Structures are given as structure tokens and as C-alpha cells.
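Right, one structure below, let's go through it.
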């Protein structure tokens, strides 16, 4: 290479050093000073990884004094270039020697990098283009936010999330029956709102005991990192901000914390976008005396735009409390309880009409009259004729039924604010088969009970009952650790024999306390060497994950998982179908929670519930109350909470020492009250609401599309290539999983979310659902999003030179492939990406400036190309400069035309969709007061904002590939 003192060169391997100056040429070595960093580098003159920096007419260069020069011509003297042109500040003609160029110059634009010889590898150009296409594909999907979470594709859950998650500031009550996944629905909505930019700050309020469960659920299922706030955390955060709630975007806290006026005032002032309240049915309210908890949530709901309330079945705790929760969502709409009751009575006609439309039979005259009256502002006669016709296509009839049903849903009832699915309306649940195993009471327990009675001491009825239900705990209190209750308890003998006879089955065992769980594991291990693992509240999240993964492993995994009551909260093990209840909880809700670990939608097998119990004890009496009084083992019992509240005192007396007559009397009264409550709930079912809540065929269509996305092998290939190019180590672990680890040769110093010890991932949803320790990789996963951002946010792949070996074309034929990005800068919350997401525009020019992109697709063209090394590529670019400059101008013309078309289409789509939705909601508002004025105002403002953003749309050159034909 010809070097001269004062020449400006750039390092091909360390471009961050800026512009270098040749300061010494001696023998076969050259020394370059990089003034921006003050560093020297010495190179061999023949093999220096350096590129000469020479600008061309039309370029703008900056002097070391800060002023710019628009280059008109350049001359050379003694090996140094002198630039001549117009001074940016004075407008005068001036000259600037290259020695006086700004040292801090960076070649960020692709064309600058190309001419500076900063040429990237061929595969990096390809991955950059693929990344831009993936980002565009994700942004344009109307299912954005639904694919990424690690949840089963359950139609009613996806339907509710799809409907609610797309709204501006949704305010809804999620009231599905137990086991139908309210937490998942809330998580899906939160995930959608965050991913689409509709929300940025979220506050979740839960009971104390559920804070950890929500933290785990949000992280494991939705990749959302919430922070748990308690009083200690608030004090600690005060060092960073006067208002501790401003130190995090996503917060979980308990109602107890917010009962304190100081903390509530801070929460009210924290600008939340979305408020989520779990167990909202415990917020007590009467018109005269609302509870403190209710007042806390009411105050927050008045200042937070979006509110999700998660509650038990609305009728479970009475109609007045149901009204109170609706009042939190929209106090203007639900202002008077009596008016609400009167309106609810009018829904009965709507429900009857809806049920008729939802079936297949012809409509009765009464149903037709009812529909005509309910939809009086619309001519429904043509639809009725279609439904009643004899010889007509069934699909047309179904479409007519669906249309009228949608009209009813839009105009009547609480369908926009309340979603409630029941097991009666959602299919796919397994049977619950109950098996009880009586055993004689061990003498050791009887002795411990007598000693305890002699020692006396006043205890509450509840404490006495709890003691009677767990005799092993009482025994252990009187013995030292060398005397283990599990050595003589017949339930342990039974458990060992049961596991030995079901060796091929996974068995979940639940006991009330961690000590009991640990003792059972010790018994199984020491007596029979049975592989079991424990799961209790004293373990960290990582330890629980490992235990869950060990249990889930098909080969070499644990046969049994032994959980404590609290430790099992929030964890589901649908892959198992045998549940052993080693003891019974006193609360029916806790019993349902235990069974709910297996009895979830998505469970493939019938659930076998096994209960070993001690005869003639409190255990047997409680078993009878649950089984004969509530039928709580074989069916869910939504009224369990109410029944326990009503019969708690009688039940506790029976457990502590009641006789047979008292037990019989209790069972009779419980059965009678159970039937009353069940009948009332059946009568209260709102068929119209159920139809709206489960989504029908529309919900199934959403799930089918998501399932197809899961099978997208192109996505899997693109993501694997992305990690390959970044330099992420990938180890095939088997069982559809890969371990990702950072390597020493990664393209970027850090990869956020990829820990030093690695992360196990899978592209298979079923695998991820069965293993808590394996992440589900989709386009929405942070590891994929981060990878896309790392590539597209850097210079990676912005320039490339390739050879096309094709003897049908003359050698030396040049092609210039340009990738432009059409974009409009706007906040994510504006939703502009729905109409004009960042869109890659590909232009493929021949040397005459003709665009061949429509005739030559990217994939087939890319497969024919061969890479060239950087030095040869740089020489080819230098030799081709006279041809390239006019081609760039031509390429921009083609791209600008494409952008103009995209903007016009985006404007038309935006106007059509938002105007249509606005017109629909405005017309509905006249007949359905559930349409909030805020939603209408939001749509009007959004149309104006989006139009302004579209006017400011821009075109940016993102990547360049120069291709030359060779016959060698």
C-alpha cells in the first residue's frame, strides 16, 4: 500500500478508534496515530488492515475546528488529498487538507461505511435483512402479545385477551370459574398492553399470600419482571426517589401495604396505566359502609385509566357485592343498585333470544318477536328469512345467526365490562374420581392426644381442629427428632405400597406443612429408595424450579413430588393425573386449590384423587363433610366459601369432639343449603354473557392461527442463524430443548437476558408447558427481541460485497442491492405501527439503474452469491465508485415512490378502521351505556395524531450489497 505522512486511514478491525493519521513510514512498517483516542498502532505496510479515507464530490466533510465543507472537487499533492468546496457557515469557497479533518469521524451511514472500506460479512447482510423482516412481521400481526406467553392455546382465554388487550385503557371484570385461568387471562392482557405500548406502568394488588405466586407467574409465563413492594422495599427505595413507586415500572404489592395513608397517597401519585386487583370478591361494600380495602381500590380506580378486577363467580358472594365491583369499573354507569337490578331483569329476554340464536333449531315466533323488539333500530327481516329457510346453505344460515347474535352482544348486557366462563360452557375438563383408604388410628397418636388433653391450655376451636386433623404434628411435639412418626403411621405404609404399584405414573402428593412434606420424602427414600422430591415455601424460586423439572422429567425423573400447602400455590402439573391428599385442609377453597394443581383445562386424563385417612377421627368427619355435604372431591364447589362461612362453627365442633347425631345433622343441613345455592347459580347463569365470554368459532380461529405460528420452521431457522452469527453457544440438550450460553467470541460484549450460566429454551410449546425451567422461544420472547435489536441497532450487516458466478451474464456486470427502511417516528403508545410499522423496502439495481427486485426475489438471488474478503471487496468498491454514485440517487427515487404508496395505504387503512370503529361505538352508545366516552375521545384524538405522524414519515438507507458477476 502507498503510504504518506499525514494521510487519513481507518482501521478495518477497530473502527471505534476514529480517523487515523499516518505519522511514520519506516521500512516495511507504518505507524498510525488515532487522535480521537490518543492511541498508536503499528502495521506491516503490505498487510495492514486499513482503508484509505477519501471523500467524493457531493459529500460533506467536517474540519477539526467544527465547520463543514460541501465537497465540489479534490486534488492531490505529495500523496495528500485537498478538498475544495463551500464553507458551511460563510458560504465562501475554501480548501481543506485531509490532515485537518475531524478525528472523531464515524462512518454510520451504510454508503459512508462502504466507501470507507468497512465491509461486513455476506451472512451478516442476510441476517440484518431477516431481522428487519421479522420485526415488520411481528408489528403487523393482529395477534401481537398472544404468541409469546408460555401458556396453553385455550380458546376462551385467548379470546378474552384478544378482545380486552387491544382496547385503550380496558376496564373489565374477569370472573371465570375456578380452574379456567383468570390469572392467565390477566397476564395475557398485561403482556399485550405492554408489548403494544398501550401501557408502560402496571400495579398489581394481591393478597399477601399470593404476592410470590404472581411474581413467579408473571416471570415464568409472560417474561415480565415485576418487583414485589412491601414496607421494607418502600423505605429502601426512598433513597432513589421521594415516591418509591416511581423506582419500578411493574409492581406487585398487597392491600395491607396500601391501607397506610402515606403509601396509598404515593401509589395514587405514581401515574399507573393499568391496575390489576386479584381476589376482588373480598372487597366488602355496602352503600352506607364500604370497607377500607374497597376504598383503597376505589381511590386507585379513579386515577388509573385501565382496571382489571379478578374475582370469583359473581353470584358466589351475592348480587350486591357483584354490583360493587362493577361500580369500581364505571361509577357513572353503575350508580344505583336498584336500577342495576331492574336492568338485569330486562336481560332475561335478551338471554332467551341469544340462546335461540346459538342453537341450530328454527326460531320460534316468540323468539322472532323478541329479536325484532330488541333490535328495533335495525332491519333484521332478511336475516330471519335466511335462518328460517328450509333449503339453503348451512354456512349462510350460520353467518346470519352469528350476525344477529353479535348485534345482541353489542347492544345489551354487560358484555364489554364482564367476562365469565363456567365449566358448563367451556368443554375439555377431565373427570375427578375420588378414592378413600381408611386406616386404624395408631396407639402412639392416641397417647399423644391424651397427654395433650391432660396438659390443658386454652386453644381456639380452629386451633383444636387443626391439631386433630394432623396428629403427626402433635406427636412430634412430644418426642425428640429420633422418634419419627412416619415409622408407624399406616398412611405412610399405604403411600409406599401405592407408589410401588404405580411405578410408571407421576404422583403429586400434597400435605399441609413443609415439615410433613420433608418427613414423607425421608420415609420414601430411606425405606424403599423411591425417587421423590419436595416442594415447599422454604425453597427459593430456583430450587422449586429444579424440583419441578426433576418431577417433570420423563426418563430418570422423580416419580413423586411432595408439596406443602403454600409451596404448591401457583404451580400446575397437568402432566400428572394421580393426586394423593396426605391430609385435608380446613378450608374448601384450599381443597379446591390442591385439586386444581391437576384439574386444569388442558389436563389430558381423568384425575384420580387418593385420600388415606385415619378412621373415627376428625379426618374422617371432615372427609364426609366435603364428600357428602359439598361433593367437593368430584366436582368444583363455587359455593364452598359461603358454605364454610355459614357452617364453620358447627363443623369445628363436630371435628373437635361431636357425636354421630351432630355429624348427621350437619351433613343434612349442608346438603340442603348446597342444593339451594347450586340451583340459584344455575338460574342466574347469563347465557348471553357466556356466549360473549368464550368467543365460539372466533376463539377457535385465533387458536388455530397461533398453532400455525408455533409450527413456523422459517422462524426457527432465522432465530438459530441469528444466535449463530451473534456468537451464542448452542448445546442440544435433547427433549426438544437447547442450552444457550454466552461465548468468548460474541459479536457484542453483552446480551441482555442471557445469563453467564446459560438458559434452556425450546421452540415447542408442549415441552415448555411441562417444564418450568425451559423458556418458550417465539418472536415475542425477550431473547429474540434483544437479538433483533442488537443487530438492527448496530452497524452489523449494513455493507457487503459478493460475487455472482453466472456465465449467462457478462463478467464484471454490477448489481446494487439496497435495503431501505420506511418509518415514522412516534411513541409506541400511538399505535402507529399497526398502520405503518418499520418496513424494509428492497431495491435491486443493474448498472443502468433498472429496478429488478420484482423479477429477482431475495432468497433465490442470495443462494447464488459467494462471499469475498474485506480487502478485495474494498478494492472492488473503489473501482466501481463512478458507477455507484448515480445508482444510489436512482435507488432512493424508487424507494421514495414505494414509501409514498405505503403512507397512502396506511392513511387509508387507519381512516377506514378508526372511523368504522368510532361510528360503530357512537351508534352503540345510544343503546348500550357500557360504551365509555373516554374510548370515543381516545379514537378521535388518535386519528388526528396518527395523521400528523404519517405526514412526517421518513426513508432511511439501512443496508447495501454490491454484487459483481465473475466467471472464475
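From the backbone N, Cα and C atoms, a Cβ is placed for every residue, glycine too.
Checking the ranges 274-277, 278-281, 282-285, 286-289 against Swiss-Prot, the motif 'DEAH box' annotation falls on 278-281.
Across the domain 'Helicase ATP-binding' (163-332), mean pLDDT in this model comes to 89. Neighbour density for residue 178 (ATP binding site): within 10 A of its CB lie 21 other CB atoms from the protein chains shown.
Most Cβ neighbours within 10 Å among the binding-site residues 176, 177: this distinction goes to 176. Other than the site residues 176, 177, 178, 179, 180, 181, 182, 183, same-chain residues with C-beta atoms no more than 8 angstroms from the centre of those residues' C-beta atoms, the ATP site, are 185, 421. Sorting each residue of the motif 'DEAH box' (278-281) by its DSSP state yields 2 helix, 0 strand, 2 coil.
With the fewest other Cβ atoms inside 10 Å of its Cβ, the least crowded of the binding-site residues 179, 181 in this structure is 179.
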